[in-house]
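To keep things clear, I will list the structure first and then write my remarks on it.
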Amino acid sequence: MTKNIHKHRILILDFGSQYTQLLARRVREIGVYCELWAWDVTEAQIREFNPSGIILSGSPESTIENGSPRAPDYVFTAGVPVLGVCYGMQTMAIQLGGKVESSNQREFGYAQVEIKADSALIRDIKDAINPAGEAVLDVWMSHGDKVAEIPADFVTVASTDTCPFAIMANEEKRFYGVQFHPEVTHTKQGLRLLERFVLGICGCEALWTSATIIEDAIVRLREQIGDDHVILGLSGGVDSSVTAMLLHRAIGKRLTCVFVDNGLLRLNEADQVLEMFGDKFGLNIVHVAAEDRFLSALAGVDEPEAKRKIIGRVFVELFDEEACKQEQVKWLAQGTIYPDVIESAASATGKAHVIKSHHNVGGLPKEMKLGLVEPLKELFKDEVRKIGLELGLPYDMLYRHPFPGPGLGVRVLGEVKKEYCDLLRRADAIFIEELHKADLYNKVSQAFTVFLPVRSVGVMGDGRKYDWVVSLRAVETVDFMTAHWAHLPYDFLGRVSNRIINEVNGISRVVYDISGKPPATIEWE
């Protein structure tokens, strides 16, 4: 009998903070299932979800502006603990009779809050003791408004010099507000505070672990699929790979994986995928060698968005053709993950909403009438990786840098040709190999090589050469929304450049991209 890993659950109401998904990931790290819903969720939806506790997120909005979002009134009458974070604390204060005002001195960044009263939320949690004998917490603030008056029956738990109510609490109703962000790592005791709320105050059990998620997924997959057959597009990326391993464990040979080699993959990648999933793990794989078909479709096309659409269209056509040959197949599996679901709902409604099936099948023919299987749709990317490790996939594969869906199709600038792809593959492999050798690969967030369709004069021995240019790109980022170019050592860059020019016949010059995001994007196309 498997445990009900959804038995205890936290509802996070999203007011639009850039940290909201991070907040959800922290709750999951603690071992408790949670979902992100829009702030204007209905009472009926909350009752149906039946949360053990509710967290109100931060927001870029101001609570003192007309029309700014508010939590549903039912949040405060549902009888469950509530934690308001930053904006969430401010809307809690206003809705329960307190006051919020614009702060003369805004707080962005590090702050130290002084504990003024005992509270179940932070009891025995501290970073230091100040000269006055008060416990203090090192926290991360990001607010322009502040609570000026707390509601009746609340007490001041902590404050700063400029923020009189950094933590407020109503212990009887188990309502808590924190003006800082416990979900970010800069708040040193943030995870302990969230643990105290989720496990201690809400009474949740830590049932959400990699092992229990796998066990639960296998049971649910077997119930959903029965004795039917499933087809999956296997790319070798993290999401499709973990989906394949979960399904293989659940239904074995009744899973057919279609691997489309589009000629736009990294060096030896197709062989590695086939060897790992076919030879090592024994999955049933249909290998579609389609380099010529993709390159023919891309001939003469140099506009990035047009290239992306062509690559997507040809993939769908090929996948359709193979799927139609599998007459016994009744289900299509996809590696949809929870951020895809949130993004899909946000694009449809303008905000994140209750979890719904995320159909990104694209152009699959209607006559296929396949059911949809999405075993990862409740999981964040970091959870998917941990599950992959538990299922036996290698660390290096699960934690390698992101690779775009269109592959080298958007790393060869302009028209895509086989010659360009072959040169780029070899140059990129040298760059990545040297990053590993120098122990730099895991110190940058993403690194790759770009092929530039321009020729440059070079000298080799006594001869003159006129060959192609490539650019190295390496960035450091937390969320890929913004990024800094990585300050790689000069001697390292020199070594990579020398190897590429000497070993890859056809490349005469190597440059290094020192553009941040913004203004540049991480990928060139």
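Backbone N, Cα and C define each Cβ position, glycine as well.
Per Swiss-Prot, these features apply:
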type	residues	note
ACT_SITE	C86	active site, nucleophile
ACT_SITE	H181	active site
ACT_SITE	E183	active site
BINDING	S235, G236, G237, V238, D239, S240, S241	ATP binding site
DOMAIN	208-400	domain 'GMPS ATP-PPase'
Should one count Cβ atoms within 10 Å of each candidate's Cβ, the recorded positions C86, V238 would be headed by C86
In this structure, the one of the binding-site residues S240, S241 whose CB has the fewest other CB atoms within 10 Å is S240
Taking the recorded ATP site as S235, G236, G237, V238, D239, S240, S241, identify the other residues of that chain whose CB atom sits within 8 Å of the mean position of the site's CB atoms, giving them in sequence order.
L234, V242, T243, A244, G335
Hey, of the binding-site residues listed (G236, G237), which one tops the CB count within 10 A?
G236
Give, as a single whole number between 0 and 100, the mean pLDDT over the domain 'GMPS ATP-PPase' (208-400).
89
Compile a sequence-ordered list of residues in the same chain as D239 (ATP binding site), six or more apart from it, whose Cβ lies below 8 A from its Cβ; state 'none' when nothing qualifies.
G335, T336, I337, L376, V384
Does anything in the same chain, at least 6 positions from H181 (active site), have a Cβ under 8 Å from its Cβ, and if so what?
Y19, G58, V85, C86, V139, W140, M141, S142, T187, G190
Under 8 Å Cβ-Cβ from S235 (ATP binding site), six or more apart in the same chain: what's there?
S241, F259, V260, G405
Chain-internal residues, separated by at least six, CB under 8 A from E183 (active site)
Y19, L22, L23, R25, R26, V85, G190, L194
DSSP state at S235 (ATP binding site), helix/strand/coil
coil
